[in-house]
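Trainee: Sharing a structure here in structure tokens format.
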Amino acid sequence: MITQFLLRGFDRKIVAVLFVLLAIGVLVPASNLLLSPENPLHVPTYAMSLFGKYLCYALLALALDLVWGYCGILSLGHGAFFALGGYAMGMYLMRQIGSRGVYGDPVLPDFMVFLNWKELPWFWHGFDMFWFAMLMVVVVPGLLAFVFGWFAFRSRVNGVYLSIITQAMTYALLLAFFRNDMGFGGNNGLTDFKDILGFSIQADGTRAALFAATALFLALCLAIASGIVSSKFGKVLVGVRDAESRVRFLGYRVEHIKLFTFVVSAMMAGIAGALFVPQVGIINPGEFGPGNSIEVVIWTAVGGRGTLIGPIIGAVLVNFGKSVFTGAFPEIWLFALGGLFIAVTLFLPRGIVGTIQHRFKARQAMKAARDAESGIDSDTKIQPAE
Amino acid sequence: MTETRPRSLLYLDNVCVSFDGFKALNSLSLVIEPGELRAIIGPNGAGKTTMMDIITGKTRPDSGEVFFEDSVDLTKKDEADIARLGIGRKFQKPTVFESHTVWDNLELALNRKRGVFSTLFYTLTEEDKARIEEILATVRLGHRSHELAGSLSHGQKQWLEIGMLLAQEPKLLLVDEPVAGMTDAETVETAILLKEIAKTRSVVVVEHDMGFIRDLGVKVTCLAEGSVLAEGSIDYVSNDPKVIENYLGR
């Protein structure tokens, strides 16, 4: 049943992208570890970490595309799920420091010693175990999405109202995580990580493995998302986007459909955050910033929403542009980003991948029409045995 | 209680709804028998669409009773429940999934399990395929099954929507202005189609087109200001002085 579900999603484009992702996941770490730094094909560690960060953003954009591009829910709070996944990973990494912290406390992280706390708060228990922390990476964002979605979708909060409350959600979390009493390190967040699963987090080998893991999880989530949107459920999802009341009067429970998609998407965002934190070495409340969530929307729009592949390309391109731009002209990056969003909305409303797909389909349709005119039976050509 | 209600498919008694003080339905009572085809006419604002909203669970009545098959209280159910009970609804403006093909539109409408996981792992069976092909033939869209619904003409969209209702296999179909914007030829075809459908299930048609209603040749209910003004054959209703004053005369 599961294999059939996944296989259905494997159309040619998706398979090609999966293949590219897996190839990147193998070749980039291999070139970093095996080739000498003088070799022109050698990928330096800083470049690998930077690109790994882009892949995390790509996974976040993919998660957003599932709810926005297919279900029509414009979430302006996906950064919150990303940050929660990141915090779960950060808590594990903090517990791994052990007595190597500045204050040398074997159990309490430095910031707790600094705040004069005597024992570990209850919600920090268990995070010394990798499997538990990884479970929390998907459970915490998933649970928040479930509770939030349960109320919002059942009360039929739609469109711009929903967008505003998702934005409020992430802002509320930002304020909460800034507080020292919350027990997540206040505005400094969690940092100074030493190792993960016993391997030094600074070592080239660990960084290469993290990069490979990111590419692998991106490929895995793409396969799952593709399976979802190619199933009958995916068709219902698009139906909800285009004509919600029709779906309802056909007897589908729209709130369940939205809730399922929202939770799956939040979990993917959580995984993206968890992969992000060890590669950048810090997680702080800034990740909850409302601006971050809006940037994700821009990446998705630039790449092409409702295409799954588009958001991945959009996230990598825009973030690459951001790295270049903020290096060269740091003052005008935000203007450039805003300008990009306006330009895409006006001139490229389908995004990069969406536009290419649309042109391709239009050309196919024209060719079919020409064939039909010249007497070839186009029906049998386009639809080989149903 | 049970004795006072006749054997009915749909039973509305004394239903009142008001929006901000405006009485959209004013003690409306209506009975539809199993297998009946009924036409409903009335001026704008008579409460025709509000009545459909009440039956399909979109709006809750302020007072009154709404029963389906004598026993199911529709005022306690939501849209999805009511659709699953077997009440299908066609909107005034044709509402189909424009970015799906005609085939997919019908596949989504099929009366199958509609839960999240049953749809995730659904595969098209031979039986379902045959059913979709049968409906495609009924609504005369067989040759366009793989085109996007968005590329259909207005009249074809109306038919596709009727086809989707058929796929739902409802016991009762509520059809809101099916021939608005159709050509004369399409109107005649639609009347034939609806009569064909009414052989196996009950249909309630709301329409303004008197010619079309004459074509249907069924019992007519005239609504005005939220309640029933007259009920009977088209000739009886169209000669009723109150109907002429309220609706036809204007």
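A Cβ is built for glycine as well, from the same backbone N, Cα and C atoms used for every other residue.
Caution: TrEMBL annotation is automatic and unverified by curators.
Residues or ranges marked as transmembrane segment by TrEMBL: A:14-35, A:47-70, A:76-94, A:130-153, A:159-178, A:208-229, A:259-284, A:296-320, A:332-353.
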Trainee: Kindly say whether the transmembrane segment (A:259-284) and the transmembrane segment (A:130-153) touch, using the definition of 3 or more Cβ pairs under 8 Å where each pair is 6 or more positions apart.
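Mentor: Output yes: the transmembrane segment (A:259-284) sits against the transmembrane segment (A:130-153).
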Trainee: Between the transmembrane segment (A:208-229) and the stretches A:14-35, A:47-70, A:130-153, A:296-320, A:332-353, work out which stretch tops the count of Cβ pairs under 8 Å.
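Mentor: Against the transmembrane segment (A:208-229), the leading stretch is A:14-35.
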Trainee: Let me spell it out: take the transmembrane segment (A:14-35), skip the flanking residues so only those 6+ beyond its ends count, and list any with a Cβ under 8 Å from a Cβ in it.
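Mentor: Same-chain contacts beyond the ends: 41-45, 48, 51, 204-205, 207-209, 211-212, 214-216, 218-219, 222-223, 226, 308-309, 312.
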Trainee: With CB pairs under 8 Å as the measure, which of the listed stretches A:47-70, A:130-153, A:296-320, A:332-353 comes out on top against the transmembrane segment (A:76-94)?
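Mentor: Stretch with maximum Cβ contacts: A:130-153.
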Trainee: With Cβ-Cβ distances below 8 Å as the criterion, list the same-chain residues six or more beyond the ends of the transmembrane segment (A:332-353) that contact it, or say none.
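Mentor: Distant contacts of the transmembrane segment (A:332-353): 295, 298, 300-305, 307, 309-310, 313-314, 317-318, 321-322, 325-326.
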